[in-house]
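As recorded in TrEMBL:
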DOMAIN    156-272  domain '1,3-beta-glucan synthase component FKS1-like'
TRANSMEM  308-327  transmembrane segment
TRANSMEM  380-401  transmembrane segment
TRANSMEM  421-444  transmembrane segment
TRANSMEM  483-501  transmembrane segment
TRANSMEM  530-548  transmembrane segment
TRANSMEM  1336-1360  transmembrane segment
TRANSMEM  1380-1402  transmembrane segment
TRANSMEM  1414-1432  transmembrane segment
TRANSMEM  1503-1525  transmembrane segment
TRANSMEM  1609-1630  transmembrane segment
TRANSMEM  1670-1694  transmembrane segment
TRANSMEM  1706-1731  transmembrane segment
């Protein structure tokens, strides 16, 4: 320790003085003599000194050299880097090298110089991607350092390469998304650096070589800007992301240009601006898409996951062939030669699918072929020819086999022909056999893919393109076996189920339909000679379900696997406070074992022996075995450390107001005062124990001491309660009686007697146990008197006398000479009554004394079990999770000095920072303010907050809006999803590191004395507060001073914590906010002011007078505590505007250069963190050193807790769904499936691994809309490893209202739609082995695809039934084909119930909260209509996923994270859900109604209900969910107002600046935006889908009585007259309205009258001269209304053409009428339910059930019946 903490040696050379005032970020490197706690580390000085070793290097020629310049300045002067970039990277490098050296074990011999191994390892890691890139391209690396062990190291050269790379990276701005471009730049600049170092002479000038770029900001202007502007022009060409992806180059295309050697030939160095790479416009030659072309089509799914579809289609074909034979068991069928030969058609299908795949490749990737990529075109062509050749070969061979069958007999030559076919098949599947062999031995596959030998490239050329990423993705053998077994079980179950319950039951109905002749068709049938079309419709839903039900089986098995993994991880062992009580006595040891570093032998670390010892110790710890974990005594250092940590956690709970002052006293570990001999467990553990011990003593009156003590000691808490009560009573009595008085000596003697009898084990012999209850009673009375505010000394005297009487007369067994023994006054006549003048009570301000008295009273009196302490559910959950996690497996904690450094990065745009007074005070339309809502939801926390405010000096409640306003705003903000809450959570890392650094370095004496000192300080006036009271606790909770432990710190802890932790908030527009005097800016400044480790990075736009526009800078600022103002630390100039791609990743990327450390945790601004979890961060970072499979992790996945679940039932559903995904789902993906990606935050990234490989997200416009998951894709493709750890958790908020949730679902579904098109998904689909590919598909895009398939199954089923009913086939066949669909229907309903989400939820809840609780939660959710919500969500996902793949239109949707108690209007709901849900629900409802009225089967009500109940459930869910989950959704008055508002919105024409919220027309145009951006195939698909609406007319007109049973096509053609007449009449009325309604209204009325007369005449004529009946009018509406809708949808596709004609106005007018009609259809059931009594209260109950059960007044919130005078 002395070495580490010594002061700076005076022998160091004096540096040229630098201005002290220069602002610095973390360490003032410019002034090593400054008084800063981090500068005490010799490692910092060593790293700084290493950078100053410029020595004999050639100085830059054109600028004066100064003595304090270092290697980075030298590089900057030569290559033209920015000054602030140099300053930033200097600190970055010094910090990192110092941290690396601190972690060295054993420490180096000379701690004042930089260790060469540290530098070498860092250089290798940082430049690993560069060396791989060189190797891939066959270029020699320009890092001229040998990596051989025996080679001598050149630290200066190592530093120059590292510094050069970091300087390039730090100034590359948006180019950081193009990592191989940075490699290219570094490659050329490193070459120039080498030439300078090796003193090369320039051939042209004869002078020493100079870099090709130099001068002020030369690197930015000459290297970064040209490439940046290329990206910028490409983005402009994308028309804000609406242009097809294939028409412009995104970040990935530009990056992949550097994956071929042509970049060296074309771009050259210095960059040749005339190169084709920089050409972006259509003129001249330009570089097109590189590596991949994103085409918008569903065929991408087929192309990316071709192996999956081959498997499914081949099994389906084989199953149908075998089932067709009609045998009970498939193996019996396979014995027949006919079946065997038919099974061979599988190879024909397989070769057909290969041909399809090769044609798809040509169709989608043809634009990649150029002169430079001729071989790619050749391979595409050859693959197509070969695939077609195979079809021909198999076709010929197959035909030859059948030619050998004569009648029912096979000829002898048939076997020979089959053999030939099989030989051909064997050759055909050679690639698959090879893949299987390489799958079994994965390391060979990895070697083949990763090697850069040309011979292997030739061998693998046929199978796949060579790319820089996606090589060597195979896992180790053990992992391979695990996920293979998992998938074999899933597939075996799926195929067995599909064969027996899906395919086999369909065979008989199919045969029956095919044999059916003489069908009486009820319409004009085009295929009257065959029923194949009907058979196809019957099979369609079966095939759809067959294709998607693997998702269900995956869901079931992954839930079971997740539960098993969770059990082995020891999740959920401590679920509640009761279970915590049982384990609490081992808790201190668990904290010591996991959270406190251990001194380990250097050679033993990581050995098998230590691992085995660890395992044994964990086992002992978990189950309380063995001696080390028996009893903790109060004098042990372990107990003191534990007390400090535990009490700090409880203090922070109190700061957060989740526990009350009383609960603090019950939960804290009291310090060892009053000479108590045992550890003083928290009161909630000791409750009732003393009473139980007393009853034992009463029962065992005559038992010997040993036996009684043995019985008491069986329970550790009882033993401690007895000893503590005895010691405390003894101390109390001796303290309240004057020291030199006779009474004092009597009490002393009495206790000496008791102590002596206990010592010689004669206690039960000397004293009567029966007197104990009376002593107990009097002691309680005494203590109760002492805790009263006004203490009556007389009562104390009386009670003491009573106690004395009992002790002397009843307690002692033998009669004694009391005076002689000192147990009575020597001279009774001298004094008055005993104790009368001997009582001295402590000063009422002695909080310490009275706190101990209160504790004693609790121990003496508590009778209940205190299982409800703490009362707050969140506090209980956190304590339970933290205590449980300490018994889970986690790496050992290193000392804080030796831990990995890390940063946290939070992107922020313009969300809430802290709630303002107005936001809290302002009431909504229902009379509810945000504060009132929070008070109601967080009832107990509000009471705790008010209690804390009163303790801090608030006298009246009204002061909460004046003197305590800041505290109030913080309290409210910490319960919303605000930046303030996130910052508080992330700063817990800093507090935790400070405390852990103190515990690491403090001596036993420091800790013991500190614990005692804190104990007394904590009692001086307030809970957890040992500071000057002029600073409010809420402010303290934001600063390091909030920690009571911080009073013990020596000062160096802050230095250590700053070295290890940085928090950067990327407030993109903070500069603009400051300029506009936006309150958000002040609040951000307030957060910085109160959080020492927080930094804010923003983009500053500076206006210039030049033509090239404004200048942009990345700026980092902090709050200077000395100057008391914000100071700017770095200002790095950018090449242009920040946002070229998606906003959030660009924001993260610009701030990345200001992060520090080995790891970076990405935290969104709807997240929270907990102090007790922050304590485990150093353990988590140790995971980077552990191999998971064959790789170390690059992303550490962290568990999330969704903290918004209690707000409403909707929030609960969302949180339950999300929780099962972020826990059980992620757990299975990481182990055993090895396919976990990065699904958002709070994962921890290996910072240097990612910063050299494209950053922590991708940013291309639209395609990377789900930016986070692409970090996971990129990580996996580049050979990273993602793990998942559940011993640590971070809080996360979720959307809480249906509209917010739907927008979130829409964003995610659209993002998945874009992923389907992406190169990352294609490469993962092809490069992963088969089983990992399955895992990848079913957990990413496959989940959304299969959700869509569920909905398509409903459509296919209903349309199929409608066809069968209207055509007349169903009437002809009245037998068993309905049973055949039973299996499909039941499966479909299982899914609708939400099995995707329900089963994982139930299993995860069972694991963590117990089975009964899980089942109860599930039943409650069903009663709260969770199935309706999940079915509705499926509709949202399907609509947006499907639409995005077909047409695009994905966009970032800001969901807003506010509280939802406000009623949403009908018009708003209609706008959101009309196209995604309502219209589709009406369509399905219409089919069901038509089917009910025209199907012969539907006449049987039971059959109809059984067949369609699930479809009706879907229809009702989609129509009613927005109103069921809308506060006051069934309020009659609101429904009436809503309808008026809806009609106003419909008819309001709007102006130029109108929005969709104001005018129907604007909304209608917005809803068609996707059709404007879609391509030809998208438009074609849309038209084909819209044609289905014309089927109604075709089917129904033949059912009308007017048709008179005729089935001629003429009937259908004549029916169009109806449409034409209706249109003409509408035009006539419209014309008349426009011309006459204003001025000559009588003419308008006349036209209306004539139209009505004309209509009546037509109806009379039809009645008279045809078979027309009145019912036909209503039936025909069912036919013609869908036709009109279909026509409008098709007209929208042709909008560019029609908009120029008069027809367009008609289309708009008719569309308006349709929307009115849809609105009325949706409104009718809503109005009915609103009018019915009782539904409104029931709906409120459903929506807010959880809040009801906790006694909250939600009803008041909704109806605004707020009691007067409430705050």
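Along the chain as shown, the residues are counted starting at 1.
Note: Cβ is positioned from N, Cα and C throughout, glycine not excepted.
Note on the transmembrane segment (1670-1694): residues 1483, 1486, 1489-1490, 1493, 1568, 1571, 1579, 1582-1583, 1586-1590, 1592-1593, 1595-1597, 1599-1602, 1615, 1618-1619, 1622, 1659, 1703-1704, 1707, 1710-1711, 1714, 1717 of its chain, located 6 or more positions outside it, place their CB under 8 angstroms from a CB of the stretch.
Among residues of the same chain six or more beyond the transmembrane segment (308-327), those with a C-beta under 8 A of the stretch's C-beta atoms are 302, 333-334, 336, 338-339, 342-343, 345-346, 349-350, 353, 495, 498-499, 503-504, 507, 543, 546-547, 550, 1333-1334, 1337. The recorded stretches the transmembrane segment (1414-1432) and the transmembrane segment (1336-1360) do not share 3+ CB pairs below 8 A when only pairs 6 or more apart in sequence are counted, and are therefore not in contact.
Same-chain residues lying 6 or more positions outside the transmembrane segment (380-401) and placing a CB less than 8 Å from one of its CB atoms are 341, 344-345, 347-348, 351-352, 354-355, 357-359, 361-362, 365-366, 369, 414, 417-418, 420-421, 424-425, 428, 462. Per DSSP, the domain '1,3-beta-glucan synthase component FKS1-like' (156-272) is made up of 78 helix, 2 strand, 37 coil. Averaged over the domain '1,3-beta-glucan synthase component FKS1-like' (156-272), the predicted model reaches a pLDDT of 91. Distant neighbours of the transmembrane segment (1609-1630): 523-524, 1593-1594, 1597-1598, 1603, 1647-1648, 1651, 1654-1655, 1676, 1679-1680, 1683-1684, 1706, 1709-1710; these residues of the same chain sit at least 6 beyond its ends, with a Cβ under 8 Å from one of its Cβ atoms.
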